[in-house]
Amino acid sequence: MAESHLDPSKLATGPAGFGAAAGQRPLAPLNAKIEVKNLNFFYNQFHALKNINLSIPEGKVTAFIGPSGCGKSTLLRTFNKMYALYPEQRAEGEIVMDGENLLQSKLDISLLRARIGMVFQKPTPFPMSIYDNIAFGVKMFERLTRSEMDDRVEWALTKAALWNEVKDKLSQSGYGLSGGQQQRLCIARGIAIRPEVLLLDEPCSALDPISTGRIEELIAELKSDYTVVIVTHNMQQAARCSDYTAYMYLGELIEFGETEKIFIKPARKETEDYITGRFG
């Protein structure tokens with residue numbers, strides 16, 4: 001793939017304050033849940049993210065799109081510091097939530113990931129019962145009675161549109177569920193601890209079209225309670241599910257704005273070329 005020769009000063013910003021050119025600090029919208037300021041990320045010496053400035057709106061679904069290797073999953077994983085286990089990986093800049101720079105925060109990693117939950121590309125149920133898959137994380141942060149835990153498990157499975165399918169087999173292994181059910185189980189597990197933000201990294205890539213449709217319907221419902229950020233290679237999915245879309249290329253944020261505007265009338269030719277299939 002050819003090297004990018006983009007002029008950062010001409011990056012499109014979308015709605016006022018939601019994005020900014022590299023090296024500039026954006027004005028934070030009043031309802032920003034996460035503010036990314038001059039973020040750079042490195043895998044050893046490889047510069048994977050370059051001066052990212054972005055504000056994630058609260059109570060909305062934001063999609064990251066772009067070709068493979070553009071940095072969208074890397075950006076997603078900086079929000080809850082998934083890189084912290086790997087000393088050769090490092091982030092510089094600011095990721096601010098509730099006035100606190102999460103990159104410099106002394107906040108316990110487990111507590112951070114309770115506030116910012118994550119669902120991965122492939123379903124990852126724990127090797128335990130459906131019930132215990134949901135209860136496991138809750139027990140780490142709350143002391144609930146059995147009755148309270150029963151209510152929480154039912155609540156999470158209901159929110160994930162799975163309760164009616166599993167309510168009579170809660171003691172059975174999560175491995176016995178279909179792929180789509182397992183992914184909804186993982187979403188239920190993620191929201192059971194009541195996070196503020198839910199990160200979804202290609203949550204439908206391994207699923208059939210019917211299961212994908214159910215997950216997309218679920219995403220639309222979840223934004224009433226959570227700020228949702230999704231990485232997807234499926235541009236149609238981004239168009240269907242998200243309120244805001246960020247297009248990335250070679251570690252740079254090229255364009256960010258309301259999804260309808262990004263897909264119907266993008267401000268950058270690079271974005272248009274990618275969305276229309278002329279590139280990527």
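Every residue, even glycine, has its Cβ placed from backbone N, Cα and C.
Summarising the annotation, Swiss-Prot assigns domain 'ABC transporter' to 34-275. Here Swiss-Prot flags G66, P67, S68, G69, C70, G71, K72, S73 as ATP binding site.
The ATP site is set by G66, P67, S68, G69, C70, G71, K72, S73; from the centre of their CB atoms, other residues of the chain with a CB within 8 Å are T74, M248, Y249. S73 (ATP binding site) carries a helical DSSP state (H, G or I). Listed in sequence order, the residues of the same chain lying 6 or more apart from C70 (ATP binding site) and placing their CB within less than 8 Å of its CB are M248, Y249, L250, G251. Model confidence over the domain 'ABC transporter' (34-275) is summarised by a mean pLDDT of 95. Working note on the binding-site residues S68, S73: by count of other C-beta atoms within 10 Å of each C-beta, S73 ranks first. All chains included, 14 other C-beta atoms sit within 10 angstroms of the C-beta of G69 (ATP binding site).
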